[in-house]
Structure formats: C-alpha cells, structure tokens
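Asker: Quick one: the structure is below, questions incoming.
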Amino acid sequence: MTQIPDSSGRFGKFGGRYVPETLMNALLELEEAYTHYSKDESFQAEVKELLYRYSGRPTSLYYARRLTEHLGGAKVYLKREDLNHTGAHKINNTIGQGVLAKRMGKTKIIAETGAGQHGVASATIAALLGLECKVFMGEEDMKRQQLNVFRMNLLGSEVVPVTSGTRTLKDACNETLRYWVSHVTDTYYILGSVTGPHPYPMMVRDFQRIIGDEARSQMLAAEGRLPDYVVAAVGGGSNAMGIFYPFVEDEGVRLLGVEAAGRGVDTNEHAATMTKGRHGVFQGSLSYVLQDNHGQVLPAHSISAGLDYPGIGPEHAYLKDSGRAEYVPITDAEALEALQLLSRTEGIIPALESAHAIAQTLKLAPTLDKDQIVVVNLSGRGDKDVEAIMGYLGGAEHESH
Amino acid sequence: MNLIDQTFARLREEGKTALMPFVSVGDPDLDLSLDILKQLQQSGADMIELGVPYSDPLADGPVIQRASERALRSSVTLRDCILMAERARAEGVTIPLILFTYYNPVLQFGLEPFFELVKDKGISGLIIPDLPLEEDSEVRTMSENYGIHLIPLVAPTSRERVTAIAKRAKGFVYCVSSLGVTGVRAEFHNDIDHFLATVKEATDLPISIGFGISSREQVERFEALCDGVVVGSAIVRVIEESLPLLHDPATKAEGLQRIGQFVSQLKG
C-alpha cells in the first residue's frame, strides 16, 4: 500500500496545506519534528506512559449484552473511550501533541474547542506539562458548555471567547489560526481533530489510532475474529479516524461514519458535511465542505457542539470517495433517543456526539444476524451534556443551538 | 504588457512609490463600491486591490472581517467582484486592478471559467492568501496562460522560502509587514528592514509591503524601501465610519470625500 498521506500531505486528492505563507515554515517545522519524534523511542515511551498511567488506557471493549438483546440482532460492543481521563478520546491526541510541543521547546500552547472536550483535554495536558494554555471557544458554545469553560479555568487555562462569524467551532478554529499567525514563533497549536493543514490530519490520526489498535486486538481476544462493522460519530472526524484506521486494510470490516443531521438533511440546520457538502478548501485542507454555490462556507447545526462543524478531515473524504467507508446522517432527535436508550439499558450516559453513533447502531444491529458483530466507538461520556439534555427533554421549546 | 508592469515601470521612472488601497468589494453594496473605486483613483491610488468577501477570511483581522460580512449580507459573489472591474473601467477607472480572494470561491467557480472572466473584465493580477507555493501549481500555470499576474505573499517567517517564492513571482512580490492578520498596528516586525532587503535581493520585480500600514508616516517610512505600499484595513475602517454618510443620498458625496481625503493624505 502506498504511504497515505504522501509527502505533500495528500490523501488521494484531499488534504494539502492551504494556509497563509506566514504559517508555512511553522507547519514544515512541525512536520519535521513529528517525523523525527514519531521514530524516537523515548518520545514514544513518554506518550505511552501518560496514556496508560495518567489517562487509564487501555479502555475496555465492552460487550453491551442488554442493548444487544434489546435490539435482537448483531452483537454490539462498545469501545469505552468515555473511560479516559477527562471523559473522551480527545486526551489521546493532546497527550501526544503536548509532549511533542514540549520536545520542540514550546512553552505556550493554544487550542480551539467546540463542545469543550478538546479544550479541557488541552488544558489538562498544559497543567500536567507546565505549559501556558489559551483555548479559543465560540461565544455560543461557551453558553452551551459553561461547565467545561469553568473546568478549563480551574485547570489554569485562559478561555478566549470568539465573537466572529457563527460564534461556534468553525470560527473558534479561524480565530485560533489567526492567533497562531501572530504568535507562531513561540506558540504550539494543538489542533483537536483530523482536520486542518498537513501534518495535522496525519498526526492526529496517528495519536488517535490507539483506539482502533486496541479495539482490534481486544476483539480478536474476545471473539477470535474481526467485527463486521465499526461505527463512529464524525464531526471533524478524530474519534472515527482513530478507530477506523487500523481496520482500513481489513476488507471484511465495514466502516460507518455517522454525521449530525441536526433537524434533518432537508432543512438548513444540519452538519451533514458528507451527505450535503461538496469538495472544497476550508481551514487549510481540501475535503468535503458545507457551502453555498459561491463557495461561502455555511453555518452548521447540531444538538452536539462537537459535531457542529461544516468541514471534515481529508482522510475521511478519501475513504468516502474510494468507497472504503460510508457516511450516514443521524438527526438531533434520533441521537437524543439513543442517548436515553443506552442510559437505560447499559447504565452508560453517552456524550451527545457518541449518541449519534449509538443511534445508527439502533438502526443497523436489528438488520444483522445474531452472529455478526458491531463495534461502536463510545467516544465520550455524557456528563458535560446532562444539563443541556435536561433542557431538551423538559418538553418546553428549547433551542438546541 | 500587463498593466501592473507598465504602472510600476512608469512610477520607477518618476521615482515614485505605488499607493495601493484595498477595499472589500460590495461593502456596503456594489453601487457604492463603484463610487469608492472612482474616488480612490481620483485621490491618487496607483493600483487597487479588490477584496472578495469570504465567510472564513483566515488572513484578515476584525476590520476586513466586518467589511466581508457586510458585503456578504448584500449577497456579493466572486462573479460580482470580477464584474466590478468592468463597471469601473466603463466609468473611467484606468489603474490596474488586482483581485484578492481566498481559494475556495475560485475553486467552486471553476479555474477555467474564472480565468476567462478575470481576463475578459480587465483584471491584471491575482492574490490568493491561502494558496502557498506548495499548492499553487495549477493556478500558476493557468494565470501564466492568461497573462494574469499571480502575486505571491512573503512573510518575515518565510526565511529560506523567499528565494523560491520570489523566483516564481509575477508582477510584484507582496511582503507581509509583520506576523499576524491584516489590521492596523503600531509596530512592524523588528527585523523588517532586513527582511525587505532579503526580498529585494531575491528578485528584480518590484516589491510592495502591506498588512497594518495605516498612516502617512508609515507610508513614508516604506516608500524608501519598497516600490508599492498597500493600505487595507485603515481605508476599510474609514469606509466603515463613513457608512452613515454614504447611505444617505444627501451626504454621499461628503462620505466619498472623506475616503478620498484619507487616501490623498496617505499619498502625501
């Protein structure tokens, strides 16, 4: 198999580095440092040590017996990324990039955040490694995720409210990049997903692939075979890429990405980038983008702040167009329903993001035989969403955005 | 000969530096933009950068972001911005027009039809701030075929990349004055003179400086070092402050005059 991405950061035609010239040397330096340290044993050992001793990996691959019985079809396994320190898969990446930043001699880090999970994971690693941290967060999202804002402050980070554009994740990313352009000499940007300019999509995938590597060997140990399906939610796509990647060469394993359909893909309020988007350049790479006919990026909508994003990582675009993975939409309502069902059958309250993957599983598993297996990436726990969910389920007219 | 080259050659003979204002086309609407372009020429602009409004202007600070948002509220498209060149020409604007656009609108328009239209409507140059050297081969080939100058940006962080960028440049090399996005600033990169000297050494083309230049003093400082000075956010801000005047037919002329005065005092 050819090396993906190639040396210019291309996954097929997707990816690349569409950024202002001011950032180019920083990206080239980052790529060089990453290439060097990814082969460096002491770097790898430090990252591994933190993943195992600090974050509590490996996370379990849990057979959801009651959910399986309820659905009456394929066996459902949950990859419990919600059991990570800070409650989501995001820490896998921030540990990797935090250690890298430190090795590169950077003392300041910046990060963007939507739901706040990546912001919290960045603030956490900044505290642990003694780095100064600023997290850029849309003003809208700060309202939706007040607890995470407070968490980041407790951890010693500054949360910078973003008031431009949509005041959500998309513009938090823009603002982080703008800040980086101004402070590129002493600041490391911990990008939180498999998006952005090369080398981020590759690097974040590499730091997240531990999810799939573990799931694959845990599945072989538990069942002596590989699963038929791997299901994961996609916003930018880091948890999905993390669990998909080690299965890409296993042709018998179908990869299913679940994107946020918001109020429905036929409304104007969704984040279904794969279903409704077109190829375009957005925030540093060529991928699928939600955009109008003139190439203006459209605001996204999802009940889940983490999926509320009009772009998606370029490797996902590559997997889609090559037919290796499929991408399907799940609405806000379906995700809410799935969240409640998982809570009641398994005693696990999933994050709203992960609830989209569960919702797709509720559709998929009953159509499969009892000897088939579905692995779902439970990317995060729902504690951060409980207050919002209380609002949605309260019966009154609640704005989910 | 490309109009940009002609203009720089003439200015060089006259021992002058080009004043190159930037405006967001369609801010606040297309008709007023046309009036502003005419005013800019009248007040001494030597070339004009036509900024195409974009939803996610990564290289721009808050002033141009707001201008972009105003233009997008009047649904201004890339096509409108290109057609603006034709309208300006019809109304007597003869100075070179340079289109400043992010890449995605161009990509969605289609490269071939884009260059056809740009050529046809009399635009001489093109700046795409999110298309670095590594990604521009297709666009560069096409702009050479159509005789449109693809003007590259170089930044104080470009270092060893300056030579490669300058070598491929057409028209002029656009030097970014400091780290950061567009917008008024009091200080420039502390090694700015050295940076400009490096760029000069790497090319025989004219060099222009932009990002953050807002006053006559700053223009004067760079006139000695550069062939052109771009003023963007400062002018866009004067336009923003003049909006109430511009919107009222009774005071429109006054508004345009304010913009004109700002430009002529920059010119010195």
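Placed from the backbone N, Cα and C atoms, the Cβ positions cover glycine too.
Unlike curated records, TrEMBL annotations are generated automatically.
Residues or ranges marked as domain 'Tryptophan synthase beta chain-like PALP' in TrEMBL: A:55-380. Residues or ranges marked as N6-(pyridoxal phosphate)lysine in TrEMBL: A:LYS90.
How about a rundown of where these features are and what they're close to?
Answerer: Under DSSP, A:LYS90 (N6-(pyridoxal phosphate)lysine) is assigned to a helix (H, G or I) in the three-state scheme.
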Asker: Looking at Cβ-Cβ distances, which residues of the chain lie under 8 angstroms from A:LYS90 (N6-(pyridoxal phosphate)lysine) while being 6 or more apart from it?
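Answerer: Expected: A:GLN117, A:HIS118, A:VAL120, A:ALA121, A:GLY192, A:SER238, A:GLY380.
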Asker: Calculate the per-residue pLDDT averaged over the domain 'Tryptophan synthase beta chain-like PALP' (A:55-380) and state the result as an integer.
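Answerer: The predicted confidence over the domain 'Tryptophan synthase beta chain-like PALP' (A:55-380), as a mean pLDDT, is 97.
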